[in-house]
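Let me begin by presenting the structure, written as structure tokens, before commenting on it.
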Amino acid sequence: MEAAVFISSLVDCCALIFLSVYFIITLSDLECDYINARSCCSKLNKWVVPEMVAQALATVLMLVSMHWFVFLLNLPVASWDAYRYVKVPMGNMGVYDPTEIHNRGQLKSHMKEAMIKLGFHLLCFFIYLYSMILALIND
Amino acid sequence: PLICKFPLTAPSFDFASDRRCTSGDSSSTTTGSASPVPNSYESLEGGSYSGTSLQSPPAGVPAKLAPPFGYNYPTMHPAYQQNPAPKPDPSPSHGGYNPPGYQPYSQVLTLLSSALGGLGGVSELEAETLRPVNLLQERNILPPKRAPPPEPNLSNDLRKVNCSPDTFRCTLTNIPQTQALLNKARLPLGLLLHPFRDLTQLPVITSNTIVRCRSCRTYINPFVSFLDQRRWKCNLCYRVNDVPDEFMYNPVTRSYGEPHKRPEVQNSTVEFIASSDYMLRPPQPALYLFLLDVSHNAVESGYLNVFCQSLLDNLEKLPGDTRTHIGFVTFDSTVHFYNLQEGLSQPQMLVVSDIDDVFIPTHDSLLVNLKESKELVKDLLNALPGMFTHTRETQSALGPALQAAYKLMSPTGGRVSVFQTQLPTLGAGLLQSREDPNLRSSTKNVQHLGPATDFYKKLALDCSGQQIGVDLFLLSSQYSDLASLACVSKYSAGSVFYYPSFHHIHNTAQRQKFQKDLQRYLTRKIGFEAVMRIRCTKGLSIHTFHGNFFVRSTDLLSLANVNPDSGFAVQMSIEESLADTSLACFQAALLYTSSKGKRRIRVHTLCLPVVSQLSEVFAGADIQAISCLLANMAIDRSISSSLSDARDALVNAVVDCLTAYRANGSNIQPSGLIAPAALRLFPLYVLALLKQKALRTGTSTRLDERVFSMCELKSQPLQQIMHMVHPDLYRIDNMTEQAALHLNDSVIPQPPLLQLTAEKLTREGAFLMDCGSVMYLWVGKCCNETFIRDVLGFPNYASLPSNMTEIPELQTTYSERTRAFISWLYDFMLTLTLMQLFFSRDDASTKTSFFQHLVEDRTESAFSYYEFLLHVQQQMSK
């Protein structure tokens, strides 16, 4: 049972890692002018909700299986995702808005956010890996 | 215990940005790219490689050279002249009051100063601007004339060729060396640009090669250094480039071997004629589409009559050539197109009622060549007001009409002028009424300052991509959600005009304003499919942009249309220390297609000294530019967070700055509020900003008017903003010839500027307030009858009519003098100013507008100037 929980959260975490890497690549493409703002933002906005769902899934899994420490580790990221999504003003075209992305250093702050998330997901990945191995050994 | 002065939650503007510099222009150069065909605007402007040109030297091609503009402009206010001749003032010390910028030194000091100029010692000018002023004690803080922009502390040669401050202005004329020094000064660093300003003299260069730096693509400018005859060093990235052969020949003096005498290197504002390397497609013709609301509401207001008459009068003067096209689309609950094919006997109307999926009925003749179909266009304009007089349609399908306009114009691009009189209620982009009238005077947060839907933003982005600029004229009397509608102009580089409570009979003031604005709008210069790039010296980088445009990439701005009445602002940060340079340069390059189908590049270059001392930073502060930049920042903040945050941040800006000045100075703390002379108007301007419609609380302000005031503050050039925020007040019933200007045989009196307080008004006088786009003339009840008779043409006060809008042309000296003065003030204004006369007894609305501009006075919800100073002092001592 434990192993199953950790295997699924490991898979979930892998998906989140791939998503973060995709975000970073797309944002750096924009920085280097390989794509334009509109296509970049529409690509990224498409994946904002799946990312939020995946993160929420990981958090809930940890909650349900009563691994409090890991749950508390995941909670801030999940709530930040939700806050960011809800706080988008009505007139904006999603979390990533092509009219604002080059203004006010938003590109840099999005990039920083994606990097931090990548680091966080890698950390979680190793936590889940070790926990899964431990759980499999103990079974 | 020491309480932290500015708690982390107190809003303040974050002048520093820790954005890492993406090195140079690596993102936008196609260094060494061999592809001759540009495929994006970045590579266009970032540039094609100006490789070896195979053409022969332009032996017979004269470069049109005009003397440097602006310096000889005869009617320019002496305060604005760029070369103030040193006044041979016998008394070296300045007792009393001298506005900064005047250099009242004696002849000896003149020589000394010019010898020392730029060497960094404390010059006379700097000592003057750093003179400490106790704001609480100084009653007369305004200079007698509007202060000229501060002169940068450069050598005379550089000063002569530097860009005019009307075009390009920096908040700090002495650039701090490091970001830490900038943070210590607590002032924002930014540029205010007016790149497409109407110029009387503009050197146009027609050479075949445009010399640009190979790495950063900067255009050659007066501040580069020539290492020898054949090599030049870029002043922005310090790379050494070769001088091409054609450049060695100077067509003006017909001499060879003096590249530094060429016009590109002698003028900081030049216009190049762009070759086909700078075009993505053949230059487009001028295309004008007019989108007219013809619902019942619109017909009631009667704007159609005014519009059609104005367009008929100005049809010949629309900028363009033989390829100019024009089209009309009207809409209410359906969209109507007009077939104006040459050869038809009268215009044919085509109605599309499927507004969920608008299509274009015919392909050819909806946008027609103006020359060929002129008669039909005139017929249509004459018939249009009458066609809809009996309409019963009350709905407005603006969204579908805009979509139709987009489809019509997307093959070529151009300008769309939208005239709307109500909230769009039908089809895509329909809006709800969001304003709660009870909250108009709330002191808490104002809601609904941002758009309600992203439809208009998306449409603006689509239009911008197809080089279509959308201008919006809103003539409504009820709430029309300008916050959402204005987005369609904001991101497509259009302009927004608003006429609250417009009615062609009942509201003559608005009707006249509309007429004058239309006249300017239809006849002013226009540029199509434009992009602008602003480059700075290595070490400086731009992080925020303000204005109506779309930011395509880190420093490339896409402007579908560019017009001479819009200004832009940018904020900069200092990424690397500027310690090894003594000069920082900025270059704005605007690549556009003129209305005659010629591709041009207008380049402005500004050079400023770099300083390492905090006192020098304060000495070079340009308070008007700082106030405008703060206004832009405040509006951004009020939309992204809240209005009260923005207001607090403005007050904190003053507090922080004066605290930094006090901390830097070594004087003992006297009681009082000490500011350097350069910044003495800072609290006054910030107080005036806080009382603007955009940012005020506690006074009943309609949401649309507030949003429009915000749009104006973000898109107008600096002079308009300063006149709007802090208008000029003069007493004109007792003007004398003392210190008058003598220009072109006319004597222009120069009454002193008065402070904006009712204290300065008196019943025995007549006062003129110049607010830029409108002028108010207030005549007191006991004003002397000579004035009323000789200038206004009426025997006494009681006989003055209540809605005079013009000063009659009478033959008395008083009248001539007054009219000379007023037309001299007009000359500085871009739009044709509307004069509103009103008299102390009547017309409540103009009277409130007049008195609202008296910013030094206390109102029921806002401080007076003195109270504001006390408030600032109190905050400083916390």
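Cβ coordinates are placed from backbone N, Cα and C, and glycine is handled just like the others.
Database features, via TrEMBL:
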COMPBIAS  B:23-54  compositional bias 'Low complexity'
DOMAIN    B:210-247  domain 'Zinc finger Sec23/Sec24-type'
DOMAIN    B:283-522  domain 'Sec23/Sec24 trunk'
DOMAIN    B:527-611  domain 'Sec23/Sec24 beta-sandwich'
DOMAIN    B:622-722  domain 'Sec23/Sec24 helical'
DOMAIN    B:749-822  domain 'Gelsolin-like'
REGION    B:15-102  region 'Disordered'
Practice task
Give the one range among B:210-247, B:622-722, B:749-822 whose Cβ atoms make the most pairs under 8 Å with those of the domain 'Sec23/Sec24 trunk' (B:283-522).
Solution key: B:622-722
Exercise for the section: By DSSP assignment, list the helix, strand and coil residue numbers for the domain 'Sec23/Sec24 beta-sandwich' (B:527-611), in that order. Expected result: 0 helix, 60 strand, 25 coil
Problem - Whole-number mean of pLDDT values that fall within the domain 'Sec23/Sec24 beta-sandwich' (B:527-611) - result: 94
Completion exercise
Across the domain 'Sec23/Sec24 helical' (B:622-722), DSSP yields 70 helix, 3 strand, 28 coil
